[in-house]
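J.: Per TrEMBL, the features are:
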- 1-16: compositional bias 'Basic and acidic residues' (COMPBIAS)
- 23-36: compositional bias 'Basic and acidic residues' (COMPBIAS)
- 1-40: region 'Disordered' (REGION)
- 48-66: transmembrane segment (TRANSMEM)
- 72-93: transmembrane segment (TRANSMEM)
Amino acid sequence: MSRKDESPRDPSKADLDSLQQRIDARREKYRPEPDNGQRSAWQLGMRYGSEFFGGVLVGGGLGFALDHFAGISPWGLIAGTMLGFAAGTLNVVRAAQEISSESQER
């Protein structure tokens, strides 16, 4: 007997083709639908919120660090939070303009 005969089951080409077809069918079942470029309100809200919150958080963090190292508490935190608020608002406006221009191109 050769080593090839000792294997419990030798996969044939038909078995492999059948397995590939089943895998392809499963992939097709769970494949996300193609994006047609339209965003849902949930996606827009999350993007705007994260843009704004990120700006305020970074500004406040930098102001807090300035307070800590320069010893001017609480003025660095106040100024940093205000600048972060302005930066967050600017980010939201830019994101809204970007989305508006994308929708007008279609």
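Glycine too: its Cβ is placed from the backbone N, Cα and C atoms.
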J.: Can you tell me which parts of the same chain pack against the transmembrane segment (48-66), counting only residues 6+ beyond its ends and a CB-CB cutoff under 8 A?
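T.: For the transmembrane segment (48-66), the nonlocal Cβ contacts are 72, 76-92, 95-96.
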J.: Per DSSP, what is the helix/strand/coil residue tally across the compositional bias 'Basic and acidic residues' (23-36)?
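T.: Within the compositional bias 'Basic and acidic residues' (23-36) the tally stands at 8 helix, 0 strand, 6 coil.
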